[in-house]
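To start, the structure under review is shown below, and the notes come after it.
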Amino acid sequence: MSILTRIFGSRNERVLRKLKKQVVKINKMEPAFEALSDDELKAKTQEFRDRLSGGETLQQILPEAFATVREASKRVLGMRHFDVQLIGGMVLTNRCIAEMRTGEGKTLTATLPCYLIALEGKGVHVVTVNDYLARRDAETNRPLFEFLGMSVGVNIPGLSPEEKREAYAADITYATNSELGFDYLRDNLAHSKEERFQRTLGYALVDEVDSILIDEARTPLIISGQAEKSSELYIAVNKLIPSLIKQEKEDTEEYQGEGDFTLDLKSKQAHLTERGQEKVEDWLIAQGLMPEGDSLYSPSRIVLLHHVMAALRAHTLFEKDVDYIVKDGEIVIVDEHTGRTMAGRRWSDGLHQAIEAKEGVDIKSENQTVASISYQNYFRLYERLAGMTGTADTEAFEFQQIYGLETVVIPTNRPMIRDDRTDVMFENEQYKFNAIIEDIKDCVERQQPVLVGTISVEKSEELSKALDKAGIKHNVLNAKFHQQEAEIVAEAGFPSAVTIATNMAGRGTDIILGGNWKAQAAKLENPTQEQIEALKAEWEKNHEIVMKAGGLHIIGTERHESRRIDNQLRGRSGRQGDPGSSRFYLSLEDGLMRIYLNEGKRNLMRKAFTVAGEAMESKMLAKVIASAQAKVEAFHFDGRKNLLEYDDVANDQRHAIYEQRNYLLDNDDISETINAIRHDVFNGVIDQYIPPQSLEEQWDIKGLEERLSQEFGMELPISNWLEEDNNLHEESLRERIVEIAEKEYKEKEALVGEDAMHHFEKGVMLQTLDELWKEHLASMDYLRQGIHLRGYAQKDPKQEYKKESFRMFTEMLDSLKHHVIMTLTRVRVRTQEEMEEAELARQEMATRINQNNLPVDENSQTTQNSETEDYSDRRIGRNEPCPCGSGKKYKHCHGSRVARQ
C-alpha cells in the first residue's frame, strides 16, 4: 500500500465517503416522508417529473427520490432500504458496477435507480440472466412501482408482438439479456416501423453483470435462416475421425511425432499434422469424396476441410455431459459458466451438426446469418449502463477497459463471518473424492447442510454415485434436473441436507438456513393460518440447529478457470452475517492443473506426496493456483478483447446499415434518395464506357448501348445521336442519357401515382438492402475465419481485416445502389385497363382449355384470339402451336404440364 493510499484511502473508500454524505441527507428526510399521506407520497412522482422538465437534474432530485422509494417500500413491501442499499442505488445511477455480496438485497436496491431514471420517461431495462428471475423480480417490485405511478413490463421469450410492445412501452421493463439483444436484431429486420418493439435504449441495469458482460461476451447473438443441407457429408466424415490418433506435442525441427492431430485445449482448437492430412486425404479419395491428386487445403476443397475440422473438434474437444447433453433426440448446449442448459442455441461453423452426427441424432440444416451482434456491442448502445453482482472486483479492469464502467465494492450491512479454509490438494481424483465424502459425513453427523459445487454434469453424476455407494442421501442440481431447481434450492438449507450442484447452484436465489418455509407453504393447497404457523415454528427450530452446526458448508470439488466463479460458489454461504464455511478440494488431475500448469510443476508437486491418499496444504499451493487462474483470466480477457476489436469493424458497418434501414422505415417518401442514387448509378455506368476527359476515339458507345439495354431496359440510339449532332460532347451526352432515364421514370410514376411509386421504391430498397447485407455478413464470416493466414505473409491480420472489410462494404453499397436502380428502371408498370384486359383474356383462355380438357396454366397470359377446335379425337404434335392460344409450341406450354402429370 502506497503512502498516498494510507493517507487518503483507496479510490473505493473515497467514493464511499462521498456517498455516505448523501445517505445522511436522505436519512434526515425520513421523518418528513413518514408524515406524508399515501396520496401525497404518490404525488411526488409527478412533482419530480415537472421539476426535471423545469431544468433540474437527476442528481439534484436524487435524495428526495430515494427517500420517496424507501418510504413507499416500507408501506407496500414491508421492507426498508438499508444505508448500504442506498449507497448501492447511488452507484447504479452512474456508469458504475456495484459489487454487493450475496443476500445483501440487490433486487430491492435496484428499485432506487430504476425509479429515479424512469422519471425521464425514456424507459428503463432491468436485465437478468433468465426468464425466471425476470418474472420474479418484476412481480416482487411491481406493487412498489405501481404505487408510485410507474408501469412495469416483463419481456421474456414466447410473448406475442402486442405483449412485447406493451412490455417495452412500460416505464420499467424486466427482461432477459438474450431477448433484449434478439429484439434489437428483429427491429432491424422489420419491414415497417409498426413492427418494431424497442424505443430509445436509455438505461440498462444489468443484474449478474459479470455473467452477461464477461462470461457471455464471446457469444454472438445471431438470427439466421436455413442454408443448404449437407447432413450426408457430416455422417460420412464422422466415420473417419475415430481412426485418427492424437499426438501429444506439435511437430518441431527436433521432434517429429507420429500422431494425426494435436489439440490446443486453451482455445479449443484441433490441428491436423502432415501425417494426419495424408491419412484424411487417402480416406476421402477412397470414399470418392475427393479426386486423386487433389489436396484437402486446395480452394476447391474448402467445404471438405470445414467438415473434417468440425468433426475432429466434435470428437476430441466437446464432451457429452460436460459441454452438452442429449435430450429428446437433440443436442442441448450446457453453459460452461452457469451449468445451465441453453435450449435453442446452436454452435456455428458446422460444429453443432458434427456433434449431432457424433451422437447419432437427427442432423439439422446449417444456418446462414441474417443479423448478428455481440453482447459487448449491444450493451454499449445504451446511453447509460450500470450493473450489479456479488463478484465484480476481480474483473474491474475489464469492465473499465471495455465498457468504461467503474467497479465500486459496497460494504455489507453486517460483518461477514464465513470461515474460508485453505485449499487441500490430492495426488489423484479418487483420493480427492474420498476426502470429500469424509467431510460430507462429518457435516451430516453434525446436522450441518452442505452444498457441493462441481464444474460439469459429468462430475456431479460421478460424485452422486460415490455418495450413493457411501449411503449418503443427497439432491443433484445440474442441467439435467434444472426444472427442480427452485425446490432443490429451497431444501438445501435444511439440517444435514446434502446438495450437489454445477455452477448453476441457485444463482439469483438465496439458500436460507433451516430451509425455506415459504416454499413449503406454496406446495400446500390453500394453507390455513395454523399450517403456516406450524411451518414457521419448524423453520425456527431447524434454523437454530443449522446456526449451531456452523451454517452452510461449501465444498468445491475443483477450482474453476475463473476466481470469480469460485467466489460465487463461496458466496452462497455466509449471507447477511450468517455463519458458514468453505473449502476447495483439488487434485493434480483437475482440468485447471492439467491445462495451465506445465509438466515440470506437476511432477514437482507429485513428488511432494509421499503417502498414498495424503493431502497437501500449503501457501505454495495457493500461489500455484492463483498463478494458474491469473493465466487463464488473462488468456480469456485477451480473447474477448480480440473478438471486440474484430467485431467493432462489423459494428461500424452494422450502425450504418441499421441507420439506413431506420431512415427507410420512418420515411414514406424516399424519392429524393432514389433520384440521387439514380444520378450516381448512371454516371458510374457512363464513366466505364466514356471515361471523363477522354477522346471520342476512346469511347465504347456500342458497349454502353448494350449495357443500358440489358441492365436498365433502355434502348438508346447513342451512335445515331453522335452522327447527327457534331456538337454533342461528353458532358452533354451524359446529361441527355440521365435526363431520358429520369423522364421515363417520371412517366412510370405518373401512370401508377406518386404514393404507389413511393411505396414500391421503399419496398425495393428494403428488400435489396436486407439481401445484400445478409450476403455481406456471410462474406465477412469467411474473411474472419481465414484472415489469420495473412500473418504468415508478415501482415497484421487485424489491419488486413479492416482494409478488406471496408473494401467489401464499399462494394456492397455500390451494388445496393445499382440493384435498386436496375429493378426500378426495368419494372414494367401496367395500367388498370391493361390488367382488366389481361384478366379477360385469361378467362377466355381458361374457357377454351376446359373445352379441350387441357390443364390450366394460371401463370400464362394471352391477348390472342383463336378459333376453338375440338382436339379430343387427335393427338397434338409436340411442335404444333398450343391450343390455348399463347403462341408457344405445345411442348413448351401445356404439353410440358401434361407430360409431368
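Cβ coordinates come from backbone N, Cα and C, glycine included.
Per Swiss-Prot, ATP binding site is recorded for Gln85, Gly103, Glu104, Gly105, Lys106, Thr107, Asp510. Around Gly105 (ATP binding site), taking its Cβ as the centre, 18 other Cβ atoms fall within 10 Å, counting all chains. DSSP gives Gly105 (ATP binding site) a coil state; it is part of no helix or strand.
Annotation source Swiss-Prot lists Zn(2+) binding site at Cys882, Cys884, Cys893, His894.
The compositional bias 'Polar residues' annotation in Swiss-Prot covers 848-866.
The compositional bias 'Basic residues' feature in Swiss-Prot is assigned to 888-901.
Per Swiss-Prot, region 'Disordered' is recorded for 847-901.
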Other same-chain residues whose Cβ falls within 8 Å of the Cβ centroid of Gln85, Gly103, Glu104, Gly105, Lys106, Thr107, Asp510, the recorded ATP site, in sequence order: Met100, Thr102, Leu108, Thr109
Local backbone state of Gln85 (ATP binding site), from DSSP in three classes: helix
Per-residue Cβ crowding (10 Å cut-off), top of binding-site residues Glu104, Asp510: Glu104
Among Gln85, Gly103, Glu104, Gly105, Lys106, Thr107, Asp510, the record's ATP binders - longest CA distance, Å: 17
Tertiary neighbours of Gly103 (ATP binding site) (same chain, Cβ under 8 Å, six or more apart): Asp510, Arg575, Gln576, Asp578
Packing count at Lys106 (ATP binding site) (other Cβ atoms within 10 Å of its Cβ): 22
Cβ neighbour count (within 10 Å, all chains shown) around Thr107 (ATP binding site): 17
Cβ-Cβ distance under 8 Å to Gln85 (ATP binding site), same chain, at least six residues away: Glu104, Gly105, Leu108, Thr109, Leu112, Asn413
